[in-house]
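Copied from TrEMBL, the annotated features are:
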DOMAIN    21-120  domain 'Ig-like'
DOMAIN    131-217  domain 'Ig-like'
DOMAIN    222-313  domain 'Ig-like'
């Protein structure tokens with residue numbers, strides 16, 4: 001009887017030894033944060049006499065496969081890696097500690113049946129990544145007023161980020177809202193009011209969101225405004241004329257009188273002050289105005305997109321206008337006081353001499 005039992009056991013072992021190995025279980029997709037730990041487990045039946053390997057593979061085939069272990073032995077020496085073989089369950093567990101972004105990818109459990117024959121099963125390690133803005137996104141843009149504009153922003157990371165658009169200081173976007181969600185922000189007809197900084201923001205709940213600042217510059221022909229079209233001043237007093245110019249690229253600004261371009265001399269002083277790339281304030285001072293200097297003055301601004309001009313008329317008044325004549329008025333009053341005082345002294349001396357006689 002014992003002999004029969006022994007023969008039966010040998011037969012069963014022989015039958016099992018002839019069976020093809022089977023991968024009965026492999027860890028499903030694992031999603032982990034950077035710095036975390038994952039265990040990739042592969043259970044193989046009937047593989048006592050075969051090699052079981054853990055291999056990282058690139059399904060796009062940009063890089064070669066990397067073999068981590070064979071049987072119960074780690075091939076790659078890395079303090080973050082460990083391998084456990086459980087003979088009772090016929091499982092091989094690859095543990096990765098302190099997960100990095102580069103650990104993401106597909107891991108394959110392989111059972112080598114021969115030089116060219118093997119069975120495999122794959123699992124994926126997904127590493128949650130904070131968002132990043134892709135290089136094919138818009139960085140800056142210069143357009144002409146009236147054109148259609150398309151700002152593009154694409155982001156990567158895991159989970160897939162949500163992309164939104166904002167303007168500096170929460171200014172309203174061209175579509176009438178302060179926040180727009182989507183990869184592409186379209187402005188059908190751009191105006192100079194749409195120029196400025198736009199923010200592309202990508203968020204996926206992992207760490208801080210990514211942000212890119214996009215400078216949108218709108219080129220437009222000059223637009224001129226003046227405080228007053230008609231200004232009066234008395235003879236022999238200074239007079240200031242001002243014009244406020246908006247344009248991009250920055251314009252050339254000139255002042256003309258009777259068709260002649262004016263320049264700095266003893267009669268005129270011209271100054272330009274740029275407050276931004278698009279705004280310039282120009283002032284011309286008429287020094288000690290004379291009769292021939294009354295009339296029309298033209299502020300003219302030109303850039304590659306066009307030219308604009310505004311006429312300011314200067315007329316004569318009896319009473320000096322302050323400003324800019326304030327300092328001159330004080331000086332005149334002071335001189336008048338001095339002259340009056342001298343006359344009074346002379347008059348008193350004459351009276352004194354008259355009575356003495």
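Glycine is no exception: its Cβ is also placed from the backbone N, Cα and C atoms.
No curator has checked TrEMBL annotations; they are predicted automatically.
Taken residue by residue, the domain 'Ig-like' (131-217) breaks down under DSSP into 6 helix, 44 strand, 37 coil. Counted with DSSP, the domain 'Ig-like' (222-313) comes out as 3 helix, 58 strand, 31 coil.
Counting residues of the domain 'Ig-like' (21-120) by DSSP class, helix then strand then coil, yields 3 helix, 54 strand, 43 coil.
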